[in-house]
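Taken from Swiss-Prot, the feature SUMO2 cross-link applies to Lys126, Lys143, Lys211, Lys332, Lys354, Lys368, Lys372, Lys452, Lys463, Lys475 (among others), supported by similarity to another entry. Swiss-Prot lists Lys332, Lys478 with the feature SUMO1 cross-link, giving similarity to another entry as the kind of evidence. Taken from Swiss-Prot, the feature phosphoserine applies to Ser171, Ser182, Ser327, Ser405. What Swiss-Prot lists as region 'NCD1' is 4-82. Under the heading region 'Disordered', Swiss-Prot lists 160-187, 398-432. If you look up Swiss-Prot, you'll see 220-309 marked as region 'NCD2'. The region 'Necessary for nuclear localization' feature in Swiss-Prot is assigned to 306-337; the stated evidence is similarity to another entry.
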Amino acid sequence: MATALPRTLGELQLYRILQKANLLSYFGAFIQQGGDDVQQLCEAGEEEFLEIMALVGMASKPLHVRRLQKALRDWVTNPGLFNQPLTSLPVSSIPIYKLPKGSPTWLGISCNSYERNSSAREPHLKIPKCAATTCVQSLGQGKSEVGSLAVQSVSESRLWQGHHATESEHSLSPADVGSPASPKESSEALDAAAALSVAECVERMASTLPKSDLNEVKELLKNNKKLAKMIGHIFEMSDEDPHKEEEIRKYSAIYGRFDSKRKDGKHLTLHELTVNEAAAQLCVKDNALLTRRDELFALARQVSREVTYKYTYRTTRLKCGERDELSPKRIKVEDGFPDFQEPVQTLFQQARAKSEELAALSSQQTEKGMAKQMELLCAQASYERLQQERRLTAGLYRQSSGEHSPDGLPSDGSDGQGERPLNLRMPNVQNRQPHHFVADGELSRLYSSEAKSHSSENLGILKDYPHSAFTLEKKVIKTEPEDSR
């Protein structure tokens with residue numbers, strides 16, 4: 001089975017590693033799965049590495065996996081073992097500035113390309129030098145091919161570790177290209193798109209900032225000898241001086257400045273790189289900001305927040321636009337399954353309304369019951385009061401009948417009692433009896449409605465009571481024998 005040949009620089013590096021591990025049979029599988037980036041294999045965690053091994057069909061052969069791991073470790077610690085003469089290969093996955101200096105494809109950096117390219121851009125936007133392109137010339141048949149490569153971000157530079165990194169990595173910063181006295185910097189820099197976004201944002205912000213007074217700056221430098229010794233020469237340079245921007249970048253850096261105590265090998269983050277670039281651009285617009293680092297830091301952070309948000313949002317949208325995937329936040333509703341959420345909510349609201357109505361009705365029934373009880377209590381009290389009045393009336397009747405009879409017996413005062421004996425005749429009975437019957441009629445009318453609904457027995461007792469009391473009074477009277485004298 002013929003092995004495919006590498007076509008790019010990334011594929012060539014993978015080819016050399018697999019060749020050293022005697023695993024060239026997996027080269028085609030790696031290329032089919034998009035595994036032409038060796039750094040991805042070196043940086044992958046345990047789970048991700050095992051997943052890659054499963055994709056290329058190496059997971060079932062642990063000895064092959066160990067040979068590949070050993071080759072990757074050798075490539076990280078000593079990349080020189082894998083350097084082979086390169087042919088005319090297009091650079092795709094590995095940036096050219098990370099090639100060793102001895103590589104035939106390394107031809108150095110041309111800073112003049114910045115002046116050539118900047119003239120074709122808008123005149124009011126000044127492109128930073130860290131976004132300058134590099135020239136790459138191939139060796140094929142004496143013909144040169146010029147290609148532009150943007151400087152990669154800090155995430156890629158972190159992948160190159162080991163003692164060979166200081167030898168193989170070549171800085172593209174203007175400080176290394178320009179003055180030899182400039183501080184030593186790493187290859188960390190923003191890519192062209194991010195640097196251009198910073199320049200645009202600084203251009204908008206510079207129009208809103210107040211213009212600094214040059215006389216005040218000179219007075220400040222005159223009073224501060226240390227500051228004047230450090231940055232005084234920058235204010236004496238003309239704007240056409242090519243080294244002025246390099247010096248501004250040198251002393252305007254917020255993070256990782258040449259006089260900072262940052263540990264060697266500690267790389268700057270994307271935020272720190274953006275802040276440094278924004279500070280440099282702001283100081284290029286207004287040199288006086290070099291003397292006010294607190295204000296410069298605040299403005300640079302503001303630019304960094306805006307640029308990072310816009311750049312990340314744009315990049316994310318571009319990546320998401322290439323995928324035809326559903327949003328993870330979208331609720332998936334399958335066809336054929338009705339949505340019961342709304343009917344359940346409607347039923348719940350109806351049940352709540354019914355329960356509220358029942359509670360209101362029960363409270364009303366309770367109030368009506370209490371009112372009925374109060375009415376019954378009042379009627380009972382009135383009934384007892386009338387009974388007491390009736391007893392008093394009966395007592396007065398007996399007393400008055402005794403007063404009119406000289407021998408203690410009532411005298412006859414009506415014609416209807418003429419047939420009765422004298423001792424049974426009761427005077428004033430005709431006058432007093434209607435009083436009781438009137439009271440009886442009033443009581444009947446008063447308790448007729450209450451007695452029908454609550455107690456029918458009370459009404460019978462109440463109606464029969466005056467008659468029984470009257471007959472009882474008649475029965476109490478005893479007849480006395482007539483005196484024979």
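Each residue, glycine too, has its Cβ placed from N, Cα and C.
Positions of Swiss-Prot features highlighted on the structure.
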| residue | record | DSSP (3 states) |
| --- | --- | --- |
| Lys211 | SUMO2 cross-link | coil |
| Lys354 | SUMO2 cross-link | helix |
| Lys368 | SUMO2 cross-link | helix |
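Each residue contributes its Cα atom, and for Lys211 (SUMO2 cross-link) and Lys354 (SUMO2 cross-link) these two points are 73 Å apart. Taking the recorded sites Lys211, Lys372 in turn and counting surrounding C-beta atoms within 10 angstroms, the largest count is reached at Lys372. Averaged across the region 'NCD2' (220-309), pLDDT in this predicted model comes to 82. You'll find the Cα of Lys372 (SUMO2 cross-link) roughly 27 Å from the Cα of Lys354 (SUMO2 cross-link). The separation of Lys354 (SUMO2 cross-link) from Lys368 (SUMO2 cross-link), Cα to Cα, is 21 Å. Here the region 'NCD2' (220-309) is broken down by DSSP into helix, strand and coil counts: 63 helix, 0 strand, 27 coil. Broken down with DSSP, the region 'NCD1' (4-82) shows 57 helix, 0 strand, 22 coil.
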